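Feature annotations, reproduced from TrEMBL:
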type	residues	note
DOMAIN	A:33-259	domain 'ABC transmembrane type-2'
TRANSMEM	A:35-55	transmembrane segment
TRANSMEM	A:70-92	transmembrane segment
TRANSMEM	A:113-137	transmembrane segment
TRANSMEM	A:149-173	transmembrane segment
TRANSMEM	A:180-199	transmembrane segment
TRANSMEM	A:235-256	transmembrane segment
């Protein structure tokens, strides 16, 4: 009877996992800083750039596209980087450091439920941020919606998975919240560069671009750009992201300390 | 059948032995204390009971189940308040209670639990804004929310002011009265003396005594302390010859006499005073506290 009851309760609206997700969603919405940097900041940056007239003009050097066309995928990646590398690592390490995970391991629910909920919420916020940037790009600056929506969505989801795996690896490697914030910031700057926040990947010189394309966000930037222009993204770019995600995910799972 | 059985448990961290062959059993319905100085291995011992640590050797059973291998079932019948654990800073009291009650198939009614623990007026307050006493009451509530048969309370009153500590003691007695067995870890003798039916004294990872608080006190040499200032000096030989006297000292300044002995010694002092027609000013007869018994036990251990 006990088994039947507990099985029945692992699914449905009142299951422990649903309760954890509901509670963590509420807590996530109580972090105005994270919400701003993940959801609003990339679109704000896009808007500021879009207000510069020359950035809206088509440029022959960019293959007949405008700077703002190239910046929509950058804004999309920026939201993910904010979520996975800036916002998430301190939350997860804080849960460990404060003994919140430990308290939960003394209940019938495994503490991994808390981590999974937080990772899922940061992933969902990244996707929300991406949709917002694309909508504003379309409505305010006439940036075309992705010509190859399926390819775009695939590249987007792979990039989200990759950044979450990287954020989780940072948590696994850092003993303290401070350390994870510091490591997260370094990774964040590197990822911002490879995602093309300062110089769009598409305009980088040959060798540098090759190197950047081997990083998760360099590959993501290229794949999103290709799908935005209506082509199926290169399998090589998708493969780079998939390999990074698998490797980082395995590292995070193996190295994570529960205490 | 005992609800908790611990036998020959040993646990080392990186070569340092934290618990070395500790064993005891807890009967259903008692408040069982684990007493010892800081770093004695108390927390490690109860963490093995809670299933949070797996002992290197020895066996642990909670209602016949092994917490290391049957953790899911043990967590359903054992509620825990952990030392140094927190909740999400922005989680409110009400949310915490609702969340934790969703973890158990047959939870207690969290509203009446909140009322019983005086948390009902703070349901919307965030964890980070709670006082030390409120946090501890919330952790007691979370330990009780799954309707457990046993609760483990680890250093529950450390850091509380004397008033909050006394209120907490009252709560622990109420928990026992409601039929839940309590395993209480503490380094406060007064707490153990007031609450516990039996006490295991742990020092440097070993069990050094297991008895009722009164039993532990009785073991101490000179458990009754008699002190007085006689109106005239008493013969030293007669003082030293008092039945049961463990030690006698007379202060040179004011002639105040201090005798460590037993109940018999106290009676003998009174008849000695009467025989010599000496009056005693500031006569005090005190029982040693569990404090003294504890120091006595742990010092014996340090000497061996």
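Quick reminder: no glycine exception, Cβ is built from N, Cα and C everywhere.
Sequence-distant contacts of the transmembrane segment (A:180-199), counting only residues of its own chain at least 6 positions beyond either end whose CB sits under 8 Å from a CB of the stretch, comprise 70, 73-74, 77-78, 81-82, 85-86, 89-90, 92-93, 163, 166-167, 170-171, 173-174, 212, 215-218, 220-221. Remote same-chain residues near the transmembrane segment (A:113-137) are listed as 16-17, 20-21, 24-25, 28, 34-35, 38-39, 42-43, 46-47, 50, 68, 71-72, 75-76, 79-80, 82-84, 87-88, 91-92, 95, 100-101, 104, 143, 145-146, 156-157, 160-161, 163-164, 167-168 (criterion: CB distance under 8 Å, separation of at least six residues from the stretch ends).
Counting residues 6+ beyond its ends, the transmembrane segment (A:70-92) has Cβ neighbours under 8 Å at 31, 33-34, 37-39, 41-43, 45-46, 49-50, 55, 62, 115, 118-119, 122-123, 125-126, 129-130, 132-134, 137, 143, 156, 159-160, 163-164, 166-168, 170-171, 174, 177, 180-181, 183-185, 187-188, 191-192, 195-197, 200, 202-203, 217, 220-221, 224-225, 228 in the same chain.
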